Amino acid sequence: MRWLPRSSFRPAEGELADCVLVVGVSRPKLAAALLSVTLLSLFLTFHVLYDSALYSIQALIVGVRKCGTRALLEMLYLHPMVQKASGEVHFFDRDENYALGLEWYRSKMPLSFKGQITIEKSPSYFVTPEVPERVRAMNSSVRLLLIVREPVTRAISDYTQLRSRATPSAPAVSLVGHPLPDAAKPFEHLALAPDGSINIAYRPIAISLYHAYFHRWLEVFPREQILVVNGDQLIEDPVPQLRRIEKFLGLEHKIGRKNFYFNETKGFYCLRNDTTDKCLRETKGRKHPRVDPAVVTKLRKFFVQHNQRFYDLIGEDLGWPED
């Protein structure tokens, strides 16, 4: 480095400083080596951070729809060692996405540091036949979170969401030759077949038959890699369920009662961290329509044997009502 006097340079437009700083390299090979090392270090740093977004996907919330998957993801995000995908990625359940490969999946994940766990949730993973094998192909040691609710309540919640998404202008009554769309029909008319039997072909009912899907996961993953989360208890008192999940994921207990407050208007718990309070959007916790109690009782009696088969698979009795 050398300072040269002003007189060493030809005049040019504008004012010149009294001295000019000239930066040069006396040992270009050494400088080039140092520059290479610096660039390599930066590359490796960002590469490790970027790669961790894939390799730290050690947990997935695989379902079930309308059982609190979004609430569970947001609650876990309160933990400083958890990162989350911003939306439902649908990588393993949609052929067109899965065909794009793991690099595409990686691009949908947030960056995470060493020790952090990146979690994503897509409820349709649970019911899609190809998903368990595809998940194992990505990471055979992945931890799986399955959140469930009492099946009749789940079915009614599913119906409520489907109805809310229907076209508002749909006719409230049937016209001759123009039957009502399913979303406009009462739940009772969809859950029961014309002969009064349970309509297991109706999607909200079919998804509540948890054992029909769970056995596929047990064919691919050992039971100890799957934690069944009680969605009804998560709504009523989040902390005990989250303590179980933290232990299951190998995380320190960081989420406590300080992270929640009950919103009387919404009727459920909202989230709180050191900087902000957050409630799930208005569509969460929407009011269910009134369903004929006789139909609810009939459905619960129907589900008794199916719930028992699910209990047998998970090794736990969840105590769901039987009438």
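Placed from the backbone N, Cα and C atoms, the Cβ positions cover glycine too.
Residues or ranges marked as active site, for sulfotransferase activity in TrEMBL: Lys66. The 3'-phosphoadenylyl sulfate binding site feature in TrEMBL is assigned to Lys66, Cys67, Gly68, Thr69, Arg70, Arg149, Ser157, Tyr269, Lys284, Gly285, Arg286, Lys287, His288. Look at TrEMBL and you will find Cys270-Cys279 tagged as disulfide bond. The domain 'Sulfotransferase' annotation in TrEMBL covers 58-306.
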**Study point:** For Cys279 (disulfide bond), the one of Gly68, Arg70, Ser157, His288 that lies nearest, given that the binding-site residues are compared by Cα
**Key:** Arg70
Study note, to complete from the structure: Here the Cα-Cα span from His288 (3'-phosphoadenylyl sulfate binding site) to the residue listed as 'active site, for sulfotransferase activity', rounded to a whole number of angstrom, reaches 12
Point to revise | Other CB atoms, at most 10 A from the CB of His288 (3'-phosphoadenylyl sulfate binding site) | key: 12
Study note, to complete from the structure: Quick note, Cys270 (disulfide bond) and the residue listed as 'active site, for sulfotransferase activity': C-alpha atoms separated, nearest Å, by 18
**Study point:** Close in space, distant in sequence - Ser157 (3'-phosphoadenylyl sulfate binding site), Cβ under 8 Å, 6 or more apart
**Key:** Lys66, Arg149, His288
Check your understanding: Relative to the Cβ of Gly68 (3'-phosphoadenylyl sulfate binding site), which residues of the same chain, six or more apart in sequence, are found under 8 Å away?
Key -> Ile147, Arg149, Gly231, Leu234, Ile235
